Ligand SMILES: NC(=O)C1=CN([C@@H]2O[C@H](COP(=O)(O)OP(=O)(O)OC[C@H]3O[C@@H](n4cnc5c(N)ncnc54)[C@H](OP(=O)(O)O)[C@@H]3O)[C@@H](O)[C@H]2O)[C@@H](O)CC1
Ligand SMILES: Nc1ncnc2c1ncn2[C@@H]1O[C@H](COP(=O)(O)OP(=O)(O)O)[C@@H](O)[C@H]1O
Ligand SMILES: [K+]
(Lines of atoms letter the chains of each structure in order from A; the text may use other names.)
(Lines give C-alpha, C1' and ligand atoms only; values in the text may rest on other atoms or scores of the structure.)
(Ligands and ions follow the chains in the order given, each with its own letter.)
Protein backbone atom coordinates (compact mmCIF):
# COMPACT_ATOMS: atom_id res chain seq x y z
CA UNK A 1 0.00 0.00 0.00
CA UNK A 2 1.15 3.49 -0.69
CA UNK A 3 1.38 6.02 2.11
CA UNK A 4 0.14 9.39 0.91
CA UNK A 5 0.60 12.82 2.43
CA UNK A 6 -2.37 14.85 3.66
CA UNK A 7 -2.24 16.92 0.47
CA UNK A 8 -2.19 13.81 -1.72
CA UNK A 9 -5.08 12.31 0.28
CA UNK A 10 -7.09 15.43 -0.44
CA UNK A 11 -6.24 15.10 -4.15
CA UNK A 12 -7.29 11.42 -4.07
CA UNK A 13 -10.58 12.57 -2.61
CA UNK A 14 -11.11 15.05 -5.47
CA UNK A 15 -10.00 12.57 -8.14
CA UNK A 16 -12.49 10.02 -6.83
CA UNK A 17 -15.34 12.50 -6.93
CA UNK A 18 -14.40 13.50 -10.48
CA UNK A 19 -13.94 9.96 -11.77
CA UNK A 20 -17.28 8.90 -10.35
CA UNK A 21 -18.97 12.09 -11.43
CA UNK A 22 -20.39 12.30 -7.91
CA UNK A 23 -20.05 14.86 -5.10
CA UNK A 24 -17.86 15.43 -2.08
CA UNK A 25 -21.03 15.13 -0.05
CA UNK A 26 -21.52 11.58 -1.38
CA UNK A 27 -17.93 10.64 -0.54
CA UNK A 28 -18.38 12.02 2.96
CA UNK A 29 -21.53 9.94 3.36
CA UNK A 30 -19.55 6.87 2.25
CA UNK A 31 -16.69 7.52 4.66
CA UNK A 32 -18.97 8.24 7.59
CA UNK A 33 -21.11 5.18 6.81
CA UNK A 34 -17.98 3.02 6.91
CA UNK A 35 -17.11 4.58 10.26
CA UNK A 36 -20.62 4.10 11.67
CA UNK A 37 -20.62 0.45 10.55
CA UNK A 38 -17.25 -0.05 12.19
CA UNK A 39 -18.56 1.33 15.47
CA UNK A 40 -21.97 -0.32 15.48
CA UNK A 41 -20.36 -3.70 14.72
CA UNK A 42 -18.34 -3.33 17.92
CA UNK A 43 -20.67 -1.53 20.33
CA UNK A 44 -24.36 -2.19 20.79
CA UNK A 45 -26.44 0.83 21.78
CA UNK A 46 -26.49 -0.48 25.35
CA UNK A 47 -22.71 -0.91 25.46
CA UNK A 48 -21.98 2.43 23.84
CA UNK A 49 -23.92 4.42 26.44
CA UNK A 50 -24.05 8.13 25.77
CA UNK A 51 -22.16 9.09 22.61
CA UNK A 52 -20.76 12.58 22.32
CA UNK A 53 -19.66 13.75 18.88
CA UNK A 54 -17.18 16.64 18.93
CA UNK A 55 -17.41 18.26 15.51
CA UNK A 56 -14.96 20.77 14.05
CA UNK A 57 -15.66 23.20 11.20
CA UNK A 58 -14.27 21.24 8.24
CA UNK A 59 -14.97 17.92 6.57
CA UNK A 60 -13.76 15.98 9.57
CA UNK A 61 -16.54 17.68 11.51
CA UNK A 62 -18.82 16.85 8.55
CA UNK A 63 -17.94 13.15 8.98
CA UNK A 64 -18.87 13.54 12.65
CA UNK A 65 -22.25 15.04 11.79
CA UNK A 66 -23.12 12.26 9.31
CA UNK A 67 -22.08 9.71 11.94
CA UNK A 68 -24.26 11.40 14.57
CA UNK A 69 -27.26 11.24 12.22
CA UNK A 70 -26.65 7.59 11.39
CA UNK A 71 -26.08 6.54 15.00
CA UNK A 72 -29.28 8.28 16.00
CA UNK A 73 -31.13 6.41 13.25
CA UNK A 74 -29.68 3.14 14.57
CA UNK A 75 -31.04 3.82 18.04
CA UNK A 76 -27.90 5.10 19.76
CA UNK A 77 -28.12 7.90 22.30
CA UNK A 78 -26.05 10.64 20.67
CA UNK A 79 -25.47 14.37 21.07
CA UNK A 80 -23.23 16.83 19.26
CA UNK A 81 -20.97 19.65 20.39
CA UNK A 82 -19.78 22.03 17.69
CA UNK A 83 -16.53 23.95 17.78
CA UNK A 84 -17.46 27.55 16.91
CA UNK A 85 -15.58 28.83 13.84
CA UNK A 86 -15.73 31.71 11.38
CA UNK A 87 -16.04 29.47 8.33
CA UNK A 88 -17.34 25.97 7.72
CA UNK A 89 -16.88 23.60 4.83
CA UNK A 90 -19.85 23.21 2.47
CA UNK A 91 -20.33 19.55 3.42
CA UNK A 92 -20.24 20.43 7.09
CA UNK A 93 -23.06 22.91 6.52
CA UNK A 94 -25.11 20.44 4.45
CA UNK A 95 -24.84 17.80 7.12
CA UNK A 96 -25.52 20.26 9.92
CA UNK A 97 -28.86 20.90 8.20
CA UNK A 98 -29.51 17.19 7.78
CA UNK A 99 -29.09 16.46 11.47
CA UNK A 100 -32.47 15.36 12.89
CA UNK A 101 -33.93 17.79 15.42
CA UNK A 102 -34.05 14.97 17.97
CA UNK A 103 -30.22 14.99 18.19
CA UNK A 104 -29.19 17.57 20.82
CA UNK A 105 -26.65 20.06 19.44
CA UNK A 106 -24.82 22.80 21.30
CA UNK A 107 -21.80 25.04 20.78
CA UNK A 108 -18.67 24.39 22.76
CA UNK A 109 -17.59 27.36 24.86
CA UNK A 110 -15.02 28.04 27.53
CA UNK A 111 -17.91 27.89 30.00
CA UNK A 112 -19.57 25.05 28.16
CA UNK A 113 -17.17 22.12 28.31
CA UNK A 114 -19.01 18.81 28.47
CA UNK A 115 -19.17 16.61 31.55
CA UNK A 116 -17.11 13.57 30.61
CA UNK A 117 -17.44 10.31 32.52
CA UNK A 118 -16.10 6.80 31.90
CA UNK A 119 -19.55 6.02 30.49
CA UNK A 120 -19.20 8.67 27.77
CA UNK A 121 -18.06 7.47 24.35
CA UNK A 122 -16.48 10.44 22.58
CA UNK A 123 -16.20 10.57 18.81
CA UNK A 124 -13.43 12.97 17.98
CA UNK A 125 -14.32 14.71 14.72
CA UNK A 126 -12.71 18.07 15.45
CA UNK A 127 -9.91 18.01 12.87
CA UNK A 128 -8.54 15.49 10.43
CA UNK A 129 -6.07 15.74 7.59
CA UNK A 130 -6.88 19.43 7.09
CA UNK A 131 -5.12 20.45 10.30
CA UNK A 132 -2.75 23.22 9.28
CA UNK A 133 -1.32 24.37 12.61
CA UNK A 134 -1.23 23.36 16.27
CA UNK A 135 -4.47 23.67 18.20
CA UNK A 136 -4.93 26.65 20.43
CA UNK A 137 -7.70 28.48 22.25
CA UNK A 138 -10.96 26.64 22.78
CA UNK A 139 -9.98 23.63 20.63
CA UNK A 140 -6.85 23.09 22.73
CA UNK A 141 -8.81 23.54 25.96
CA UNK A 142 -11.39 20.98 24.82
CA UNK A 143 -8.68 18.47 23.90
CA UNK A 144 -6.95 18.89 27.26
CA UNK A 145 -10.30 18.48 29.01
CA UNK A 146 -10.92 15.28 27.01
CA UNK A 147 -7.45 13.90 27.71
CA UNK A 148 -7.91 14.49 31.42
CA UNK A 149 -11.13 12.46 31.42
CA UNK A 150 -11.70 8.71 31.68
CA UNK A 151 -13.98 8.70 28.63
CA UNK A 152 -13.55 6.26 25.79
CA UNK A 153 -12.34 8.04 22.65
CA UNK A 154 -12.58 7.06 19.00
CA UNK A 155 -11.04 9.48 16.51
CA UNK A 156 -12.30 9.80 12.96
CA UNK A 157 -9.43 9.72 10.46
CA UNK A 158 -6.85 11.43 12.75
CA UNK A 159 -6.66 12.19 16.45
CA UNK A 160 -7.40 15.91 16.42
CA UNK A 161 -4.31 18.07 16.74
CA UNK A 162 -1.99 15.49 15.22
CA UNK A 163 -0.37 16.44 11.93
CA UNK A 164 -0.44 13.77 9.23
CA UNK A 165 3.12 14.08 7.92
CA UNK A 166 5.17 16.29 10.23
CA UNK A 167 6.17 16.51 13.88
CA UNK A 168 4.11 18.34 16.47
CA UNK A 169 5.56 21.24 18.36
CA UNK A 170 6.28 19.91 21.84
CA UNK A 171 3.38 20.18 24.31
CA UNK A 172 0.77 21.02 21.66
CA UNK A 173 -2.71 19.68 22.41
CA UNK A 174 -3.48 16.38 20.67
CA UNK A 175 -6.36 14.01 21.38
CA UNK A 176 -5.27 10.75 23.02
CA UNK A 177 -7.58 8.31 21.24
CA UNK A 178 -8.12 4.68 22.16
CA UNK A 179 -8.91 3.95 18.52
CA UNK A 180 -8.29 5.93 15.35
CA UNK A 181 -10.44 4.87 12.43
CA UNK A 182 -9.04 6.12 9.17
CA UNK A 183 -9.81 5.70 5.50
CA UNK A 184 -8.26 3.68 2.68
CA UNK A 185 -4.50 4.20 3.21
CA UNK A 186 -2.31 4.42 6.31
CA UNK A 187 -0.81 7.73 7.37
CA UNK A 188 2.82 8.28 8.25
CA UNK A 189 1.89 9.63 11.70
CA UNK A 190 0.38 6.23 12.64
CA UNK A 191 3.68 4.42 12.16
CA UNK A 192 5.90 6.43 14.47
CA UNK A 193 6.44 5.51 18.13
CA UNK A 194 6.16 9.10 19.32
CA UNK A 195 2.51 9.21 18.20
CA UNK A 196 1.42 5.90 19.74
CA UNK A 197 -0.24 7.59 22.74
CA UNK A 198 -2.38 9.77 20.46
CA UNK A 199 -3.33 7.27 17.76
CA UNK A 200 -4.06 4.27 19.99
CA UNK A 201 -5.05 1.28 17.90
CA UNK A 202 -5.58 2.30 14.28
CA UNK A 203 -7.89 0.79 11.73
CA UNK A 204 -8.32 1.34 8.00
CA UNK A 205 -11.67 1.28 6.26
CA UNK A 206 -11.84 1.07 2.46
CA UNK A 207 -13.99 3.82 0.93
CA UNK A 208 -13.24 3.19 -2.74
CA UNK A 209 -10.80 6.03 -3.39
CA UNK A 210 -9.87 6.08 -7.06
CA UNK A 211 -7.37 3.28 -7.73
CA UNK A 212 -5.93 4.81 -10.88
CA UNK A 213 -5.17 8.05 -9.09
CA UNK A 214 -3.46 6.20 -6.26
CA UNK A 215 -1.47 4.08 -8.72
CA UNK A 216 -0.27 7.19 -10.56
CA UNK A 217 0.56 9.22 -7.47
CA UNK A 218 4.26 9.32 -6.73
CA UNK A 219 5.27 8.57 -3.19
CA UNK A 220 8.47 7.63 -1.44
CA UNK A 221 6.64 5.72 1.31
CA UNK A 222 4.96 2.33 1.32
CA UNK A 223 3.24 0.12 3.88
CA UNK A 224 4.32 -3.46 3.20
CA UNK A 225 1.52 -6.00 3.28
CA UNK A 226 1.09 -9.38 1.61
CA UNK A 227 -0.39 -7.72 -1.50
CA UNK A 228 2.75 -5.68 -2.08
CA UNK A 229 4.83 -8.88 -1.90
CA UNK A 230 2.59 -11.00 -4.12
CA UNK A 231 4.54 -12.83 -6.80
CA UNK A 232 7.96 -11.89 -5.43
CA UNK A 233 8.86 -15.26 -3.92
CA UNK A 234 8.89 -18.03 -6.52
CA UNK A 235 8.13 -21.66 -5.75
CA UNK A 236 11.28 -23.80 -5.54
CA UNK A 237 12.26 -25.21 -8.91
CA UNK A 238 11.42 -28.86 -9.52
CA UNK A 239 15.01 -29.62 -10.50
CA UNK A 240 16.52 -27.10 -8.10
CA UNK A 241 19.30 -28.31 -5.79
CA UNK A 242 21.28 -26.90 -2.92
CA UNK A 243 23.46 -24.97 -5.34
CA UNK A 244 20.39 -23.16 -6.70
CA UNK A 245 19.60 -21.55 -3.37
CA UNK A 246 22.93 -20.09 -2.42
CA UNK A 247 25.73 -20.84 0.01
CA UNK A 248 25.58 -18.39 2.90
CA UNK A 249 28.33 -17.58 5.37
CA UNK A 250 27.49 -16.27 8.82
CA UNK A 251 30.09 -14.74 11.11
CA UNK A 252 28.49 -14.84 14.54
CA UNK A 253 29.04 -15.58 18.21
CA UNK A 254 31.63 -15.00 20.92
CA UNK A 255 32.10 -16.39 24.41
CA UNK A 256 28.76 -16.08 26.21
CA UNK A 257 26.94 -15.27 22.95
CA UNK A 258 27.15 -18.48 20.97
CA UNK A 259 23.35 -18.54 21.31
CA UNK A 260 23.15 -15.58 18.92
CA UNK A 261 25.07 -17.63 16.35
CA UNK A 262 22.76 -20.61 16.86
CA UNK A 263 19.63 -18.46 16.44
CA UNK A 264 20.89 -16.77 13.26
CA UNK A 265 22.06 -20.12 11.86
CA UNK A 266 18.75 -21.85 12.47
CA UNK A 267 16.81 -18.94 10.99
CA UNK A 268 18.98 -18.94 7.89
CA UNK A 269 18.41 -22.66 7.42
CA UNK A 270 14.65 -22.18 7.77
CA UNK A 271 14.62 -19.43 5.14
CA UNK A 272 15.48 -21.49 2.10
CA UNK A 273 19.29 -21.29 2.01
CA UNK A 274 20.99 -24.06 0.01
CA UNK A 275 24.11 -24.40 2.14
CA UNK A 276 25.25 -22.62 5.25
CA UNK A 277 28.66 -22.22 6.83
CA UNK A 278 29.09 -20.60 10.22
CA UNK A 279 32.29 -18.88 11.31
CA UNK A 280 32.34 -18.87 15.10
CA UNK A 281 35.09 -18.97 17.77
CA UNK A 282 36.40 -22.34 18.92
CA UNK A 283 34.34 -22.28 22.09
CA UNK A 284 31.20 -22.58 19.97
CA UNK A 285 32.19 -25.71 18.07
CA UNK A 286 30.42 -28.40 20.13
CA UNK A 287 27.38 -26.22 20.69
CA UNK A 288 26.85 -25.44 17.05
CA UNK A 289 27.54 -28.93 15.74
CA UNK A 290 25.04 -30.29 18.23
CA UNK A 291 22.35 -27.62 18.06
CA UNK A 292 22.44 -27.11 14.28
CA UNK A 293 23.94 -30.14 12.58
CA UNK A 294 22.67 -28.93 9.19
CA UNK A 295 25.22 -26.07 9.22
CA UNK A 296 28.94 -26.47 8.55
CA UNK A 297 31.11 -25.02 11.29
CA UNK A 298 34.26 -23.18 10.27
CA UNK A 299 36.01 -22.64 13.54
CA UNK A 300 38.13 -19.57 14.25
CA UNK A 301 41.53 -20.28 15.82
CA UNK A 302 40.70 -18.03 18.78
CA UNK A 303 38.67 -19.69 21.54
CA UNK A 304 36.49 -16.71 22.46
CA UNK A 305 35.95 -14.39 19.50
CA UNK A 306 36.41 -14.16 15.76
CA UNK A 307 39.91 -13.10 14.70
CA UNK A 308 40.31 -14.34 11.14
CA UNK A 309 38.30 -13.96 7.97
CA UNK A 310 37.87 -17.23 6.10
CA UNK A 311 38.33 -17.59 2.35
CA UNK A 312 35.27 -15.91 0.80
CA UNK A 313 35.03 -17.06 -2.76
CA UNK A 314 32.38 -19.79 -2.44
CA UNK A 315 29.68 -17.71 -0.75
CA UNK A 316 26.65 -16.10 -2.30
CA UNK A 317 25.78 -13.95 0.77
CA UNK A 318 27.58 -13.11 4.00
CA UNK A 319 26.01 -12.03 7.30
CA UNK A 320 28.10 -10.70 10.15
CA UNK A 321 27.25 -9.40 13.57
CA UNK A 322 25.07 -11.44 15.94
CA UNK A 323 26.93 -11.88 19.21
CA UNK A 324 30.42 -11.17 17.77
CA UNK A 325 31.50 -8.67 20.46
CA UNK A 326 33.68 -5.65 19.79
CA UNK A 327 37.27 -6.92 20.08
CA UNK A 328 39.92 -5.14 18.01
CA UNK A 329 40.70 -8.35 16.11
CA UNK A 330 37.02 -8.76 15.21
CA UNK A 331 36.98 -5.19 13.94
CA UNK A 332 39.89 -6.07 11.63
CA UNK A 333 37.90 -9.04 10.34
CA UNK A 334 35.01 -6.69 9.56
CA UNK A 335 37.32 -4.24 7.78
CA UNK A 336 38.77 -7.04 5.64
CA UNK A 337 35.28 -8.33 4.91
CA UNK A 338 34.22 -4.90 3.65
CA UNK A 339 37.32 -4.67 1.46
CA UNK A 340 37.29 -8.19 0.06
CA UNK A 341 33.69 -9.40 -0.14
CA UNK A 342 32.16 -9.77 -3.57
CA UNK A 343 28.96 -11.37 -2.24
CA UNK A 344 26.08 -9.29 -0.80
CA UNK A 345 26.55 -8.39 2.86
CA UNK A 346 24.16 -8.25 5.81
CA UNK A 347 25.53 -6.41 8.85
CA UNK A 348 23.91 -6.46 12.28
CA UNK A 349 24.46 -5.87 15.99
CA UNK A 350 28.15 -5.55 16.96
CA UNK A 351 29.20 -5.31 13.31
CA UNK A 352 27.16 -2.07 13.31
CA UNK A 353 28.57 -0.93 16.64
CA UNK A 354 32.09 -1.48 15.28
CA UNK A 355 31.17 0.60 12.23
CA UNK A 356 29.83 3.30 14.53
CA UNK A 357 33.11 3.40 16.47
CA UNK A 358 35.17 3.37 13.27
CA UNK A 359 33.23 5.56 10.89
CA UNK A 360 36.01 5.57 8.33
CA UNK A 361 34.91 1.98 7.60
CA UNK A 362 31.59 3.29 6.30
CA UNK A 363 33.36 4.42 3.15
CA UNK A 364 34.16 0.75 2.46
CA UNK A 365 30.56 -0.46 2.50
CA UNK A 366 29.94 -2.23 -0.82
CA UNK A 367 26.88 -0.89 -2.66
CA UNK A 368 23.60 -2.60 -1.72
CA UNK A 369 24.89 -3.76 1.66
CA UNK A 370 22.01 -4.42 4.06
CA UNK A 371 22.33 -3.05 7.61
CA UNK A 372 19.85 -3.98 10.33
CA UNK A 373 20.16 -1.56 13.27
CA UNK A 374 17.65 -0.95 16.01
CA UNK A 375 17.27 2.79 16.74
CA UNK A 376 20.13 2.85 19.27
CA UNK A 377 22.50 1.13 16.85
CA UNK A 378 21.39 3.50 14.09
CA UNK A 379 22.15 6.45 16.35
CA UNK A 380 25.68 5.12 16.82
CA UNK A 381 26.06 5.11 13.02
CA UNK A 382 24.71 8.63 12.60
CA UNK A 383 23.67 11.00 15.39
CA UNK A 384 20.96 11.20 18.06
CA UNK A 385 17.63 12.01 16.42
CA UNK A 386 15.50 14.89 17.72
CA UNK A 387 12.34 12.88 17.06
CA UNK A 388 11.04 10.08 14.85
CA UNK A 389 10.67 12.35 11.82
CA UNK A 390 14.25 13.53 12.16
CA UNK A 391 15.34 9.87 12.46
CA UNK A 392 13.68 9.19 9.09
CA UNK A 393 15.57 12.12 7.56
CA UNK A 394 18.81 10.69 8.93
CA UNK A 395 17.84 7.29 7.53
CA UNK A 396 17.21 8.67 4.06
CA UNK A 397 20.49 10.59 4.02
CA UNK A 398 22.47 7.60 5.29
CA UNK A 399 21.03 5.20 2.71
CA UNK A 400 21.61 7.63 -0.14
CA UNK A 401 25.11 8.56 0.97
CA UNK A 402 26.30 4.96 1.41
CA UNK A 403 24.18 3.41 -1.37
CA UNK A 404 22.93 0.86 1.13
CA UNK A 405 19.68 -0.61 2.47
CA UNK A 406 18.95 -0.04 6.14
CA UNK A 407 16.37 -2.04 8.09
CA UNK A 408 15.57 0.31 10.97
CA UNK A 409 13.96 -2.11 13.41
CA UNK A 410 10.92 -1.39 15.53
CA UNK A 411 7.19 -2.02 15.76
CA UNK A 412 6.86 -0.75 12.17
CA UNK A 413 10.32 -1.63 10.92
CA UNK A 414 11.30 0.82 8.20
CA UNK A 415 13.45 -0.26 5.27
CA UNK A 416 15.33 2.68 3.79
CA UNK A 417 16.66 2.25 0.24
CA UNK A 418 19.56 3.86 -1.66
CA UNK A 419 17.09 5.81 -3.78
CA UNK A 420 15.43 7.38 -0.76
CA UNK A 421 12.31 5.25 -0.41
CA UNK A 422 10.81 4.04 2.87
CA UNK A 423 9.01 0.71 3.26
CA UNK A 424 7.21 0.30 6.60
CA UNK A 425 6.58 -3.29 7.61
CA UNK A 426 3.12 -4.36 8.72
CA UNK A 427 3.88 -7.62 10.55
CA UNK A 428 5.29 -8.39 13.99
CA UNK A 429 4.14 -7.93 17.56
CA UNK A 430 5.45 -6.71 20.92
CA UNK A 431 6.25 -10.32 21.89
CA UNK A 432 9.20 -10.00 19.51
CA UNK A 433 10.81 -7.45 21.81
CA UNK A 434 12.90 -10.24 23.31
CA UNK A 435 16.62 -11.05 23.13
CA UNK A 436 17.62 -12.82 19.95
CA UNK A 437 14.75 -11.69 17.68
CA UNK A 438 17.20 -9.53 15.75
CA UNK A 439 19.65 -12.44 15.38
CA UNK A 440 16.85 -14.43 13.77
CA UNK A 441 16.22 -11.57 11.33
CA UNK A 442 19.91 -11.55 10.33
CA UNK A 443 19.72 -15.25 9.52
CA UNK A 444 16.58 -14.78 7.44
CA UNK A 445 18.00 -11.85 5.48
CA UNK A 446 21.33 -13.57 4.84
CA UNK A 447 19.50 -16.54 3.32
CA UNK A 448 17.38 -14.32 1.08
CA UNK A 449 20.29 -12.10 -0.03
CA UNK A 450 21.95 -15.30 -1.24
CA UNK A 451 19.09 -16.03 -3.63
CA UNK A 452 20.29 -14.78 -6.99
CA UNK A 453 16.68 -14.60 -8.21
CA UNK A 454 15.73 -11.89 -5.66
CA UNK A 455 16.68 -8.23 -6.01
CA UNK A 456 18.27 -6.61 -2.93
CA UNK A 457 15.01 -4.72 -2.35
CA UNK A 458 12.77 -7.78 -2.62
CA UNK A 459 15.06 -9.86 -0.41
CA UNK A 460 14.93 -7.20 2.29
CA UNK A 461 11.16 -6.68 2.01
CA UNK A 462 10.40 -10.40 2.06
CA UNK A 463 12.79 -11.07 4.94
CA UNK A 464 11.47 -8.33 7.21
CA UNK A 465 7.85 -9.20 6.46
CA UNK A 466 8.40 -12.95 6.93
CA UNK A 467 10.24 -12.43 10.21
CA UNK A 468 7.31 -10.42 11.60
CA UNK A 469 4.69 -12.76 10.20
CA UNK A 470 6.46 -15.80 11.69
CA UNK A 471 6.50 -13.90 15.01
CA UNK A 472 2.76 -13.33 14.68
CA UNK A 473 2.07 -17.00 13.97
CA UNK A 474 4.30 -17.99 16.88
CA UNK A 475 2.50 -15.58 19.24
CA UNK A 476 -0.83 -17.19 18.37
CA UNK A 477 0.54 -20.31 20.06
CA UNK A 478 2.79 -18.92 22.77
CA UNK A 479 1.10 -15.60 23.55
CA UNK A 480 3.22 -12.46 23.30
CA UNK A 481 4.82 -12.76 26.73
CA UNK A 482 5.65 -16.41 26.12
CA UNK A 483 7.36 -15.76 22.80
CA UNK A 484 11.10 -16.35 22.61
CA UNK A 485 13.28 -15.77 19.57
CA UNK A 486 13.58 -19.47 18.70
CA UNK A 487 9.77 -19.64 18.36
CA UNK A 488 9.97 -17.20 15.45
CA UNK A 489 12.25 -19.62 13.62
CA UNK A 490 9.77 -22.48 13.96
CA UNK A 491 7.18 -20.50 12.01
CA UNK A 492 9.38 -19.28 9.17
CA UNK A 493 8.55 -22.33 7.05
CA UNK A 494 4.74 -21.84 7.11
CA UNK A 495 5.30 -18.10 6.51
CA UNK A 496 7.36 -18.61 3.37
CA UNK A 497 4.82 -21.17 2.21
CA UNK A 498 2.09 -18.51 2.52
CA UNK A 499 4.17 -16.04 0.52
CA UNK A 500 4.79 -18.31 -2.42
CA UNK A 501 2.37 -17.70 -5.22
CA UNK A 502 2.22 -19.95 -8.19
CA UNK A 503 0.62 -18.38 -11.22
CA UNK A 504 -0.58 -20.84 -13.84
CA UNK A 505 1.52 -19.09 -16.51
N1 LIG B 1 -9.75 12.25 1.87
C2 LIG B 1 -10.62 11.32 2.26
O3 LIG B 1 -10.33 10.17 2.14
C4 LIG B 1 -11.85 11.73 2.89
C5 LIG B 1 -11.83 12.74 3.84
N6 LIG B 1 -12.88 12.99 4.58
C7 LIG B 1 -12.76 13.78 5.80
O8 LIG B 1 -12.32 15.07 5.55
C9 LIG B 1 -11.28 15.41 6.45
C10 LIG B 1 -10.47 16.51 5.92
O11 LIG B 1 -11.32 17.60 5.87
P12 LIG B 1 -10.80 19.10 5.69
O13 LIG B 1 -9.82 19.13 4.57
O14 LIG B 1 -11.99 19.95 5.57
O15 LIG B 1 -9.99 19.33 7.02
P16 LIG B 1 -10.39 19.27 8.58
O17 LIG B 1 -9.37 18.38 9.19
O18 LIG B 1 -11.78 19.01 8.82
O19 LIG B 1 -10.04 20.75 9.10
C20 LIG B 1 -10.07 21.84 8.21
C21 LIG B 1 -10.67 23.05 8.86
O22 LIG B 1 -10.03 23.31 10.08
C23 LIG B 1 -9.32 24.56 10.01
N24 LIG B 1 -8.11 24.39 10.78
C25 LIG B 1 -7.01 23.68 10.46
N26 LIG B 1 -6.14 23.66 11.47
C27 LIG B 1 -6.73 24.38 12.48
C28 LIG B 1 -6.34 24.70 13.80
N29 LIG B 1 -5.17 24.27 14.31
N30 LIG B 1 -7.16 25.43 14.55
C31 LIG B 1 -8.33 25.85 14.05
N32 LIG B 1 -8.76 25.57 12.81
C33 LIG B 1 -7.97 24.83 12.03
C34 LIG B 1 -9.14 24.83 8.57
O35 LIG B 1 -9.06 26.20 8.38
P36 LIG B 1 -7.77 26.91 7.74
O37 LIG B 1 -6.57 26.02 7.87
O38 LIG B 1 -8.12 27.12 6.33
O39 LIG B 1 -7.63 28.14 8.52
C40 LIG B 1 -10.43 24.24 7.99
O41 LIG B 1 -11.49 25.12 8.20
C42 LIG B 1 -10.58 14.09 6.63
O43 LIG B 1 -9.76 14.06 7.76
C44 LIG B 1 -11.75 13.14 6.72
O45 LIG B 1 -12.26 13.10 8.03
C46 LIG B 1 -14.15 12.29 4.28
O47 LIG B 1 -15.26 13.08 4.54
C48 LIG B 1 -14.22 11.83 2.85
C49 LIG B 1 -13.08 11.04 2.50
N1 LIG C 1 6.65 -4.08 19.41
C2 LIG C 1 7.15 -4.75 18.35
N3 LIG C 1 6.38 -5.00 17.28
C4 LIG C 1 6.89 -5.65 16.21
N5 LIG C 1 8.16 -6.09 16.12
C6 LIG C 1 8.97 -5.86 17.15
C7 LIG C 1 8.52 -5.19 18.32
N8 LIG C 1 9.56 -5.12 19.17
C9 LIG C 1 10.61 -5.70 18.56
N10 LIG C 1 10.26 -6.16 17.34
C11 LIG C 1 11.14 -6.81 16.36
O12 LIG C 1 12.04 -7.69 17.02
C13 LIG C 1 13.37 -7.54 16.52
C14 LIG C 1 14.29 -7.10 17.66
O15 LIG C 1 15.59 -6.93 17.18
P16 LIG C 1 16.79 -6.47 18.11
O17 LIG C 1 16.40 -5.26 18.88
O18 LIG C 1 18.00 -6.40 17.27
O19 LIG C 1 16.88 -7.70 19.11
P20 LIG C 1 18.14 -8.53 19.61
O21 LIG C 1 19.32 -7.62 19.59
O22 LIG C 1 17.78 -8.95 21.00
O23 LIG C 1 18.27 -9.70 18.71
C24 LIG C 1 13.28 -6.53 15.39
O25 LIG C 1 13.14 -7.18 14.15
C26 LIG C 1 12.01 -5.74 15.71
O27 LIG C 1 11.42 -5.20 14.57
K1 LIG D 1 -10.48 13.71 14.29
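Every residue gets a Cβ built from N, Cα and C, even glycine.
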Listed in TrEMBL for the K(+) site shared with 60, 160, one of 25, 91, 107, 124: 124
Among 435, 436, 438, 443 - the residue TrEMBL places in the same AMP site as 409, 410, 411, 412, 413: 438
Residues close to K(+) site centre defined by 60, 124, 160, Cβ within 8 Å: 54, 56, 61, 64, 125, 126, 127, 128, 155, 156, 157, 158, 159, 161, 175
Annotated binding-site residues 60, 62, 129, 132, 412, filtered by Cβ under 6 Å to ligand 2: none
Fewest other C-beta atoms within 10 angstroms, as judged across 124, 157, which are the binding-site residues: 157
Integer average pLDDT (0 to 100) for the domain 'YjeF N-terminal' (9-215): 97
When distances run from the Cα of residue 60 (K(+) binding site) to each of the binding-site residues 157, 410, 413, the nearest one: 157
62, 129, 157, 160, 374 filtered to the binding-site residues whose C-alpha is within 10 Å of residue 410 (AMP binding site): 374
